[in-house]
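First comes the structure, then the notes that go with it.
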Amino acid sequence: MAKEISSELLNTILTRVGGPGNIASCGNCMTRLRLGVHDSSLVDPNIKTLEGVKSVILTSDQVQVVFGPGKAHRAAKAMSELLGEAPVQDAAEIAAQNKRQLKAKQTSGVQQFLAKFATIFTPLIPGFIAAGLLLGIATLIATVMHVPADAQGTLPDALNFMKVFSKGLFTFLVILVGYNAAQAFGGTGVNGAIIAALFLLGYNPAATTGYYAGFHDFFGLPIDPRGNIIGVLIAAWACARIEGMVRRFMPDDLDMLLTSLITLLITATLAYLIIMPLGGWLFEGMSWLFMHLNSNPFGCAVLAGLFLIAVVFGVHQGFIPVYLALMDSQGFNSLFPILSMAGAGQVGAALALYWRSQPHSALRSQVRGAIIPGLLGVGEPLIYGVTLPRMKPFVTACLGGAAGGLFIGLIAWWGLPMGLNSAFGPSGLVALPLMTSAQGILPAMAVYAGGILVAWVCGFIFTTLFGCRNVNLD
């Protein structure tokens with residue numbers, strides 16, 4: 001295990017979050033150890049001062065400890081082992097020490113709500129990336145080698161095999177989301193999965209594709225299973241709340257037999273009567289809003305320019321339902337490459353800091369250690385190790401990202417909208433083969449590469465001109 005995530009460091013973190021008895025869950029995303037906590041008043045915000053910890057994001061029920069790419073998974077695994085061995089400690093003394101500090105650190109209700117999306121979607125991200133990469137590589141090979149869609153032979157069969165994973169993922173994605181969402185909101189995962197499946201079924205007996213539900217109306221009322229992910233999230237939340245209320249009044253002897261049964265009946269009724277139409281309206285409204293922002297160059301610039309701030313506050317996972325809505329409405333995720341420009345702006349800013357700093361300075365060492373992950377789309381090392389501590393370069397990095405977003409928005413406005421072939425995927429240079437458009441994969445790759453180049457150059461120029469004044473370059 002790397003020095004930065006030694007057992008001593010993890011034991012210190014465990015103590016400062018209130019001890020094992022305060023830990024509700026332990027997980028990770030690509031760069032962060034995510035610890036769910038029972039009582040946030042027991043958490044010491046000075047965890048971020050520990051050597052090896054890049055930053056800490058606090059919400060009402062979760063502590064996100066930023067380690068960087070490749071380390072978060074090892075940290076989560078080691079922390080889980082510690083939690084399995086450690087006795088529960090009395091954290092009253094820690095609470096008394098931290099209570100006054102944390103009064104100024106309360107997170108907003110919006111941030112708490114968006115933090116739920118990390119719990120729901122983070123476990124799905126590796127699958128999104130894998131399926132998207134396979135689809136992108138297969139599409140690129142088919143385009144370059146001019147393989148017709150109806151071709152026969154070993155190569156077409158291999159390409160179809162590579163594409164089948166994304167088809168399977170997006171066909172049954174709502175069931176995975178329903179399961180995770182019900183758990184995130186405090187319910188039973190399988191109940192959420194069953195309710196989500198209602199959105200997947202077909203209600204037209206004449207349809208030749210899909211899975212017919214066996215009825216076409218709900219006691220005479222029409223069924224319109226629109227809304228997809230938006231509707232499923234609402235239904236999973238309702239399912240978890242209803243389950244909690246039912247369980248409160250259910251005798252223990254009947255809990256196993258009747259709680260889920262009653263929960264499903266009530267939630268399904270609400271889904272058919274209220275949630276499906278409501279989810280459909282929200283889905284259409286959200287799609288309309290972001291499609292118009294995407295087609296507006298200045299809207300694209302604003303989105304790209306603000307995304308790094310969302311990452312800092314740990315709420316960037318809240319965009320994932322929007323990605324899924326855009327996949328349904330457009331066939332590709334046009335928002336993701338725009339937001340990816342934020343990371344490219346950071347790369348440009350970091351290169352400017354490297355150029356302006358002394359040959360043997362600590363800053364150059366920091367940039368060298370963080371620039372490769374930044375080029376590959378992992379921005380936290382640059383954020384927390386290079387730009388954010390110096391503030392001005394962070395602002396100029398945001399401006400560089402905004403310039404890249406403006407470029408992509410202008411190209412879309414001129415008639416070439418493009419996007420990611422998956423709801424979620426890697427950013428940076430790794431995402432190049434995942435780009436697609438109505439005009440094909442190669443034009444989309446060219447637009448994305450152009451946006452990255454613009455963000456690099458503008459981030460470099462803005463930081464050189466405005467981001468290095470009165471900034472510690474040692």
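In case you wondered, yes, glycine gets a Cβ from its N, Cα and C as well.
Pulled from Swiss-Prot, these are the features on record:
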ACT_SITE  CYS29  active site, phosphocysteine intermediate
DOMAIN    1-89  domain 'PTS EIIB type-1'
DOMAIN    115-474  domain 'PTS EIIC type-1'
TOPO_DOM  1-123  topological domain 'Cytoplasmic'
TOPO_DOM  239-260  topological domain 'Cytoplasmic'
TOPO_DOM  323-334  topological domain 'Cytoplasmic'
TOPO_DOM  390-393  topological domain 'Cytoplasmic'
TOPO_DOM  462-474  topological domain 'Cytoplasmic'
TRANSMEM  124-144  transmembrane segment
TRANSMEM  158-178  transmembrane segment
TRANSMEM  181-201  transmembrane segment
TRANSMEM  218-238  transmembrane segment
TRANSMEM  261-281  transmembrane segment
TRANSMEM  302-322  transmembrane segment
TRANSMEM  335-355  transmembrane segment
TRANSMEM  369-389  transmembrane segment
TRANSMEM  394-414  transmembrane segment
TRANSMEM  441-461  transmembrane segment
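Only sequence-distant pairs (6 or more apart) were considered; of these, at least three Cβ pairs between the transmembrane segment (441-461) and the transmembrane segment (335-355) are under 8 A, so the stretches are in contact.
A sphere of 10 angstroms centred on the C-beta of the residue listed as 'active site, phosphocysteine intermediate' encloses 21 other C-beta atoms. Taking every recorded stretch in 158-178, 181-201, 335-355 and counting its Cβ pairs under 8 Å to the transmembrane segment (394-414), the highest total belongs to 335-355. According to DSSP, the secondary structure content of the topological domain 'Cytoplasmic' (462-474) in residues is 6 helix, 0 strand, 7 coil.
Outside the transmembrane segment (369-389) by six or more residues, the chain places 30-32, 54-55, 66, 68-69, 308, 311-312, 340, 342-343, 346-347, 349-351, 353-354, 363, 397, 426-431 with a CB less than 8 A from a CB of the stretch. Annotation note: CYS29 (active site, phosphocysteine intermediate) sits in a coil segment as assigned by DSSP.
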